[in-house]
Amino acid sequence: MFKKKAKEEKPSPVPDAQQNGELPNSGPIIYYIYESEEEEEEEEEEPPPEPPRPVNDKPHKFKDHYLKKPKFCDVCARMIVLNNKFGLRCKNCKTNIHHHCQSYVEFQKCFGKIPPGFRRAYSSPLYSNQQNACVKELMPFSASNRTDPVFDTLRVGVIMANKERKKGQDDKKNPMLEEEPEELPPKPEEKQEGDVPDGDKKGEKGGQDAKNKKAQPGFMQSHYFVALYRFKALEKDDLDFQAGERITVIDDSNEEWWRGKVGEKAGYFPANFIIRVRAAERVYKVTRSFVGNREIGQITLKKDQIVVQKGDEVNGYIKVSTGRKVGLFPLDFLQEI
């Protein structure tokens, strides 16, 4: 009759949430500390500034060129024979080089085109129309045979203007030889006396000749002259000579045209075609073309040019002069004449 009621389970009280989301009786409070790590930027050292690269404002314009005739490289002075005689030639200055030598002339300035009126041979720079002409000794050879009519006209005009001057100089006696006729008149008086023996007469003549030679104004024997270029006579009274010949100067009163003698031949020639050589100096002929570096005092010369030694050998180079410029040149490319 009597039934037992099931015990009602009392709902357990939910604990109140505390601040900061902490549960009661959950143990000691744990605090978390977050440290912000600041990345320290390492100061990178700036690299040293690069040196300014030299800029060539007048570079060569090289193009592949087939060399029909044997040519020497203007850098290494060796013949261009590889790759079926193909090389590089500058469009402006006509410089010939190997393909593997192009890096050596990267910073060398181009001389530019040669005026067509001055395409003349290095052996006769004023009046020759041959190939391989040069305006200046620093300029490379040209590969053209063309001439300028203006240049030819000026050349003829110079020749005509010099004719009267040469004739006038021929009429006048050479001042170097004027002393001899002044001393000749006393000879008849000596013959009239008849008291001087033959031996004494010969002695007096020899003494007079020695005096004339000593008193004769002119060039000293401490030096002589050598032809730099080949000069072809244009007139009958011109002196024809080859490059490297020794010339005896007779008259140098004119600045442009001198009178000289080679062997038994005598005549006029341009004064800038010869160079004075001292007794202790040597004369050389260039056997190979060479492009020198001006920054270290080297000189650029072409084959068959005539130069004069001006210094001793240093590390295979000697100081030479062409009359217009002086510089260092390899001794192996020179032949003494």
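Cβ coordinates are placed from backbone N, Cα and C, and glycine is handled just like the others.
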Which residue range, 59-110, 215-266, is the one Swiss-Prot calls zinc finger?
59-110
Can you give the mean pLDDT for the domain 'SH3 1' (220-279), rounded to a whole number?
83
